[in-house]
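Q: Have a look at the structure that comes next, please.
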Amino acid sequence: MLQICAPLFDNLSGLIKWPLLGALIVLLIPNSKIRLIRSIAFCTSLITFLYSLLFWIQFDNSTAKFQFVETIRWLPYSNINFYIGLDGISLFFVVLTTFLIPICMLVGWSSIQNYKKEYMIAFLVLEAFMIAVFCMLDLLLFYVFFESVLIPMFLIIGVWGSRQRKIRAAYQFFLYTLLGSVFMLLAILLILFQTGTTDLQILLTTEFSERRQILLWIAFFASFAVKVPMVPVHIWLPEAHVEAPTAGSVILAGILLKLGTYGFLRFSIPMFPEATLYFTPFIYTLSVIAIIYTSLTTLRQIDLKKIIAYSSVAHMNFVTIGMFSLNIQGIEGSILLMLSHGLVSSALFLCVGALYDRHKTRLVKYYGGLVSTMPIFSTIFLFFTLANISLPGTSSFIGEFLILVGAFQAAPNVATLAAIGMILGAAYSIWLYNRVVFGNLKPYFIHKFSDLNRREFFMFLPFVIGVVWMGVYPEVFLECMHTYATSVSNLVQHGKFGP
């Protein structure tokens, strides 16, 4: 048995194979043995997380080169290979992915009543696909896994969603994302025909004409903007969040929203630097509009999930401002805020899920006075509400501060307008907390009260530790990103072949 499993732990590809092996084992177990299915799925995801930490421990901070690189032949008569590796940006997204999947297993431990085995398989397959997206160094195979993520997520929303509109939300999510990605596929084919390869490391040293860069940048933008999401292609997100199960919302907010910003940082900015400089004012405009518009929209929402979903749009557009400031502070701040948002927003959706599992409603008007009946929940909800408004000492503060520093160097007016979003964020976050936790109880609507149980408390504990750790000692994370952020900043500002 050890000899069979050894190849799964000797390289980076093992990190992708292990969840797929777990999904296959779960598939072969009879449906009647649900406790065994849950245990194997959870242990598989937990082992994958611990395995991913080994790459963080072994990571060399002194180089911007890709590490743990592997190449496996895929198409024998072409230059397209299964080519994977990690650097200072993809490392933490892989760790974040493997961290959230075991939490999703625990979330559905008792709340999922139908197709329990298939639920576990869907999350294990989704984990393998998302790890592959962040590790892939071949442009065409990145697209393959980028789109493959849609399949298990489509099933998670459509099968285990909470309301009747779940099918509509699943199709809306699928079609929005697929339509935008078609343009990226055409751009990849154009790159393949021009250069003869889709190897990212070769493409980063390939010079495209300015007109060709603009055309390719627009095609990639069409795909990544939907995933961020940017206004006006953000409509699918609140609908998908509201209809998805709690674990689906955690993955949507924690990982899938990062695929768009990761794509900008991995491909659009370093491969097309002249086009990036040309379109930076356009990105600034869309991002500022999105921050202010979605923050104001959040203030008038009555559904708990929609409030957090619209706030996620505002935070992710804050990330794009830092990223396109094209300096070290902005890029590092954007990566850190993405990681922070993956923890804070996911934890807020878990808070909403804890309320929904008990009371079967997400409408704010039915809640009030929970501080007297759910004190542990109220304390944890307060912590993540303060983290969401970037209280100093939390992870979001470090990310937003670095983004504002970087944006102020590049465009002071944009930084000033973006800061308005922080004020509006404090308004809707504190107002939501006040309506849900304080005030009078409403026994006519909600009759039974129970605080967080042991399983739920230990689900929240890793999020609390992560948020405080990133907020108090961010150097552990920033030192891995610094070399990559410096190389990207120099690449754009000095030209692809500059000093």
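In case you wondered, yes, glycine gets a Cβ from its N, Cα and C as well.
Predicted, not measured: the structure shown is a model, and the values here were computed from it.
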Q: For the transmembrane segment entry in TrEMBL, name the matching range from 121-142, 275-296.
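A: The range carrying the transmembrane segment annotation in TrEMBL is 275-296.
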Q: Between the stretches 36-57, 143-161, 173-194, 401-434, which one has more Cβ pairs under 8 Å with the transmembrane segment (275-296) than any other?
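A: Checked against 36-57, 143-161, 173-194, 401-434; highest Cβ contact count belongs to 401-434.
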Q: So what's near the transmembrane segment (82-107) in sequence-distant terms, Cβ-Cβ under 8 Å and 6+ beyond its ends?
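A: For the transmembrane segment (82-107), the far contacts come to 12-13, 15-16, 19, 38, 41-42, 45-46, 48-49, 51-53, 55-56, 59, 61, 64-74, 120, 123-124, 126-127, 130-132, 134-138, 141, 199-200, 245-247, 250-251, 254-255, 258, 262, 265-266, 335, 338-339, 342-343, 346, 350, 353, 455, 459, 462, 466, 477, 480-485.
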Q: Return the stretch with the most CB pairs under 8 A relative to the transmembrane segment (173-194), choosing among 12-29, 143-161, 214-237, 367-389, 455-473.
A: 214-237
Q: Can you tell me which parts of the same chain pack against the transmembrane segment (36-57), counting only residues 6+ beyond its ends and a CB-CB cutoff under 8 A?
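A: The answer is 9, 12, 14-15, 18-19, 21-23, 25-26, 29, 68, 86, 91-92, 94-95, 97-99, 101-102, 105-106, 109, 116-117, 120-121, 123-124, 127, 480.
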